[in-house]
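Annotation source TrEMBL lists domain 'MacB-like periplasmic core' at 97-285, 524-686. Per TrEMBL, the feature transmembrane segment maps to 98-118, 368-389, 418-441, 461-488, 509-532, 765-788, 809-836, 848-871. Residues or ranges marked as domain 'ABC3 transporter permease C-terminal' in TrEMBL: 373-489, 768-876.
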Amino acid sequence: MPDRPQPPHWTHRLIARICKPELLPEIEGDLHELYQRWVQQYGRHRAKWLYILNIITFFRPFALRRKGHVSPITSPAMLRNYFLTAWRQVQKSKLHTAINVFGLAIGIAACLVIALTVQHEFSYDRHHPDGDRIYRITSRLKFADDWITNGGVSGPIPHAVRDEFTGLEAVAAFHSVGSGVSIPGKADFAGENEVVIAEPDFFQVFSGHQWMIGSPEQSLSQPYQVVLTASQAQKYFGDQDAVGQTLTYFDTLDFVVSGILQDNPYNTDLPYTDYLSFATIEAEESLYQSYGLDSWGSTNSNSLAFIKLSKETVPSNISEQFPALVEKYIAPEESSVERAFVLQPLSDVHFNVEYTMSNHGVAHKPTLYGLVLVALFLLLVASVNFVNLETARAVLRSREVGVRKVLGSSRGQLIQQFLGETFLITLLAGILSLGVAKLGVDFFAESLPPELSLSVLWKGNGWLLLLAIIGIVGLLAGTYPAWVLSAYSPVFALKNQARQMSGRTRKAYFRRALIVFQFAIAQIFILGTLMVGSQLHYLLNKDMGFRKDAIIHFRPDHWWQDTTQRRIVLANELRQLSGVSEVSLSSSLPAANNWSSRTIAYRTDTSEIEAHVYIKEADTSYLNVFNIELLAGRNYYASDTMNELLLNETAARILGFDPPNEAVGKLIEFHKDKALPVVGVVSDFHDGPLRDKLHPLMMGSNAYNLGSFNVLMATQGKQSDEVRQTLAQVEQAYKKIYPEESFEYEFYDDTIAGFYRAEERTARLINVATGLAIFISCLGLLGLVSFTTNQRLKEIGIRKVLGATVTQIIALFSQEFVGLVLVSFVVAAPIAWYFAQEWLAGFAYQTNIGIAIFLLTVISALTLALLTVGLRSWQAALANPVDSLRNE
């Protein structure tokens with residue numbers, strides 16, 4: 001007998017959803033009979049539409065399903081019941097609760113600290129109104145085929161922009177410089193500050209400053225006026241009224257205090273305390289020439305210009321006006337260098353390493369975004385722990401679910417109950433996380449901003465951050481377990497079929513996938529730690545082309561005020577010490593974070609070659625102290641002014657001298673209308689961090705600029721008795737020549753290591769993240785193995801009775817997890833490799849990442865997993881089988 005035609009399946013579900021249960025069989029039976037008749041009379045297509053039409057006609061009040069009475073799931077009584085049930089579960093399963101709470105607390109604490117760190121870095125200079133309309137004018141200069149960036153501008157640029165540009169509300173020109181400070185009549189007071197020489201418009205652009213006494217129009221409009229912050233005024237004059245008092249800057253210029261500002265907030269890249277009037281430069285010829293206010297061809301990184309756009313102006317309107325200004329004012333005879341000007345938003349100043357603000361720190365945006373990813377990963381790993389443990393333990397609560405459903409609980413009520421339990425555990429973890437975060441902030445203080453404090457959480461809406469994290473984690477961790485538990489049918493649950501199928505369900509495979517995810521994250525962090533550590537080791541140990549061990553360097557505080565003779569006397573005193581091999585005076589170290597540069601040229605009758613070179617000024621002992629090789633020619637002679645030059649290999653090659661000895665004797669145009677002879681060529685050496693490639697370099701002697709002492713010790717080893725004795729003798733000689741100054745020195749290899757503080761901080765943070773990820777993963781694995789062994793105690797007992805050894809039982813439990821760790825490594829390795837290559841791209845010189853790092857990672861992960869699994873399974877394997885079999 002052929003099958004009778006059936007109506008569409010979806011219509012059955014529709015009828016069942018809208019029709020009263022007691023009327024459903026009768027109505028559905030009648031409709032089926034009609035459908036069979038219509039098929040015979042009209043065919044399937046028309047019968048289907050008639051069937052649907054008749055279903056619609058049954059949408060009448062007498063036939064519609066009534067919504068049953070359900071206790072409101074948000075009533076106080078139900079919420080109290082959920083809380084009591086959740087609390088009983090917490091007390092009943094202390095081990096799993098502790099694992100969940102502690103794991104989530106670590107994840108939340110890490111997220112809190114990272115969130116506060118990122119928020120701190122992005123808060124810089126946000127206190128200025130209309131900050132989105134404030135921009136800095138920066139310079140780009142082209143030498144040969146290379147563009148050089150500079151955060152400063154030529155002296156006349158700000159005034160020309162103010163006079164000729166449209167669309168601007170204000171223009172602020174200022175100079176950030178170092179200056180000695182003294183108080184007339186107080187011989188015992190002397191200091192040095194970074195001061196700013198500013199126009200009154202400075203405070204129109206940066207209008208976030210709060211004036212306590214005075215105003216920009218009155219306090220900075222005349223020559224020889226100075227405005228102080230409140231704390232600086234307190235430092236100089238104590239409780240006396242500072243306004244009207246006199247301060248001496250630049251050794252000889254007296255300034256009168258004309259205004260007081262509230263202190264700057266800590267999160268600013270303009271942390272100035274002494275504001276000198278810009279009119280002073282125009283009144284003092286020496287300052288006017290020094291700061292090049294009439295020189296279009298010079299660019300000084302300390303000569304800064306900020307603008308505030310009018311409300312209707314967009315940055316491109318201003319950028320379009322620069323080419324005409326360059327063409328009009330920067331004549332070819334003033335500068336042969338191609339120039340361009342770029343607007344930099346105020347919000348970018350704290351993050352852009354190309355245009356740094358003097359000596360102030362720069363945050364690295366990719367690192368901050370990486371920290372956010374680390375926080376999310378740690379939260380996910382902790383949440384995965386919870387999901388794994390709760391879905392594994394779902395079999396223990398299947399009967400509870402069955403009983404509740406039989407007694408009338410809806411799935412929504414069950415989901416709310418289980419989510420409530422999750423939020424209770426997450427709330428406990430959130431409270432614990434505050435203590436963990438406080439310990440973390442104190443322990444890792446060197447790697448975090450010094451102003452970072454958890455007290456920020458209770459200021460403004462900071463506490464909402466903690467509640468948001470708790471809420472998000474609660475949803476992440478609790479949704480899937482609640483969905484799984486509430487899905488059990490009463491019959492399935494009461495027959496205990498969940499326990500029988502616990503290892504063969506999709507949920508079991510999902511748990512394995514989560515374990516793979518956890519250990520993949522952990523192994524990504526392990527690989528990151530090893531790769532960053534390998535690069536740091538390479539940076540600190542690579543031959544930079546000069547000696548860096550057993551050298552100390554120091555610089556007198558006010559060396560520029562000193563006579564050259566005084567420095568030479570100290571250098572000769574130090575050379576007499578038995579523990580000192582040699583002493584050199586220089587403007588800077590071979591590799592330093594500060595440098596000066598200029599364009600030089602080699603001209604013949606038929607050609608002209610220009611090169612932008614970095615400049616080192618040093619005495620004749622410099623090459624010996626730092627063991628820099630002289631490849632051709634001779635060293636220059638000592639001189640008060642630069643009369644002879646040394647080039648490095650790169651500079652010689654750019655100027656067309658190959659081999660290097662061809663450069664010896666050639667005249668190089670150094671200043672306009674001034675050429676100096678090349679007397680020698682030295683080997684290339686790195687003049688900065690290894691993030692950068694080798695630069696062309698020029699060296700010469702200029703006694704006035706040699707303010708840094710470089711002392712080569714006769715003995716290696718910083719902690720040796722001989723070195724300590726020599727350092728004491730060096731300090732004694734220093735105090736003899738400079739009795740008014742403190743002696744502060746640093747070993748040069750420590751200075752080199754300081755180039756990579758950011759990388760070291762990154763390494764420390766990755767190390768911490770690695771430790772936390774591994775700890776949380778192993779914590780979850782321990783809980784999962786503990787539950788699994790408890791569920792299989794009878795099996796373990798039977799295997800032991802049948803002759804299984806402890807080793808075999810441990811292997812039985814370990815083999816699955818070994819496979820999961822190996823799968824997680826396959827996932828982690830390419831991801832870690834990709835991010836490592838992206839990070840290494842920021843270095844001109846890179847380490848080789850070999851297979852050993854990957855082998856060490858997988859071995860470490862396997863060892864940790866086996867120790868975690870083996871410990872718990874070993875305890876279960878040692879148990880007396882009689883106990884487990886008797887209980888069964």
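Glycine is treated like the rest: Cβ placed from N, Cα and C.
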Counting only residues 6 or more past its boundaries, what in the same chain has a CB within less than 8 Å of a CB in the transmembrane segment (848-871)?
519, 522-523, 526-527, 530-531, 534, 774, 778, 781-782, 785, 810, 813-814, 817-818, 821-822, 824-825, 828-829, 833, 836
Same-chain residues at least 6 beyond the ends of the transmembrane segment (809-836) with CB under 8 Å of its CB atoms are 512, 515-524, 527-528, 531-532, 781, 785, 788-789, 796, 799-800, 849, 854, 857-858, 861-862, 865-866, 869-870, 872-874, 876-877
Averaging pLDDT over all residues of the domain 'MacB-like periplasmic core' (97-285) gives 87
What counts of helix, strand and coil residues does DSSP assign across the domain 'ABC3 transporter permease C-terminal' (768-876)?
94 helix, 0 strand, 15 coil
Grab the same-chain neighbours of the transmembrane segment (509-532) for me: Cβ-Cβ under 8 Å, and only residues 6 or more beyond its ends, written as numbers and ranges.
377, 380-381, 384-385, 387-388, 391-392, 759, 762-763, 766-767, 769-770, 773-774, 776-777, 780-781, 784, 816-817, 820-821, 823-825, 827-829, 831-833, 835-836, 839-840, 849, 853-854, 856-858, 860-861, 865
For the transmembrane segment (461-488), sequence-distant contacts whose Cβ falls under 8 Å of one of its Cβ atoms, 6 or more beyond its ends:
104, 107-108, 111-112, 115, 379-380, 382-383, 386-387, 390-391, 394, 397-398, 401-402, 405, 411, 414-415, 417-419, 421-423, 426-427, 429-430, 434, 498, 507
How many helix, strand and coil residues does the domain 'ABC3 transporter permease C-terminal' (373-489) contain under DSSP?
100 helix, 0 strand, 17 coil
